[in-house]
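Below is one structure, written out as structure tokens; comments come after it.
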Amino acid sequence: MGKVENPSPQSIGVIDFLNDIEWIGQISIGTPPQSFLINLDTGSADLWIPSIDCSKQCANDRKFVPSKSKTFKSVGTKFDIAYGDNTRAKGFVNEDILQIGNMIIKNQRFATINEQSATLAADVIDGILGLGYDGLSTVPGSTTPFTNMVNQKLIPKKIFSVLLRPARLGSSLFGGEYLFGGIDPSLFTGAITYTPVTKKLFWQISIDSVELNNSVLASKNDVIVDTGSTLMVLGTKVVKSIHDKLKGKLDSKTKTWQVPCNLSKSNKLSIRVNKVPFFVDTADLIRERVNPKSNDWCYSGIASTDENVWILGGVFLKNVYAVFDQEQNRVGFAIPRYPNFFFV
């Protein structure tokens, strides 16, 4: 799909990997297209994939071969990105055709990396596609794929919306959807609650409060809405309060928060946004067992940070339908509706 006069929203399906660790999509780069599995990440703004020159560190990845693409252009700028989890990728900036779903984006800048952290190397994904604001890019003057979709008139609006299906609902061919250029009314119920972006780099917003069982544990605070993060990451004080009430604990050796694997479903954790509470299913607070042979303690879906800005990752996002609107610089949440089939 090239430039069209009256473009319509375009979707890409994602699959849920290992009980909501991440949701994975597929893209293609080059002519003819070379395919890659990627994490669509609202917490960054760069697109990178492994280079054919990346050997040991990319042993498990699909690699881009520039010589096989008729439309490849080397830009030559060095690329170096560090993520919040202390992972890193290094390489060089290039330009080529990018295909996402049915969209063909011309002259898209991306990096081919020849170095990456061990954690990234072990991940099932090949690369990352950032969906943050252009100004967040580590490459000065770079334009994100999302911005290029708009500039090349492939989508009608500078909006995208996301539904991530949780594994607790049982197996399904539908793992979720990213819809570029609009909102899918079939994937949510009720009204969308919007709140302004407070810093136009990340999708950063202000929440009213964090509440558990009708008790307010934290008041107004900025958070980053991050599809690339698995967990909710909140301030240390509020995380301690949450786990105290859930009869959880902090493991002093591993510095990980843990909760009882049989945590009562009567617990109601919510994030209040623009006066509206959005609830996190109790099952999403319970992750894998600490000891595979014991059902006593499980890792928590909530981690702690001493940073001033917190993170709403997959643990929260799989409980909402999320709208990312750069036309009005706002983020919206609604109650999700999950279909049990895959569609494009």
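Just so you know, glycine gets a Cβ as well, placed from its N, Cα and C.
TrEMBL entries are annotated by machine, without manual review.
Source: prediction; values computed, not measured.
Counting every protein chain shown, the number of other Cβ atoms lying within 10 Å of the Cβ of D41 (active site) is 21. Annotated active site per TrEMBL: D41 (among others), in sequence order.
Residues within less than 8 Å, Cβ to Cβ, of D226 (active site) and separated from it by at least 6 positions along the same chain comprise D41, T42, G43, F202, W203, I311, L312, G313. Per TrEMBL, active site is recorded for D226 (among others).
According to its DSSP assignment, C58 (disulfide bond) is helical. Feature annotation from TrEMBL assigns disulfide bond to C54-C58.
Under the heading domain 'Peptidase A1', TrEMBL lists 23-334.
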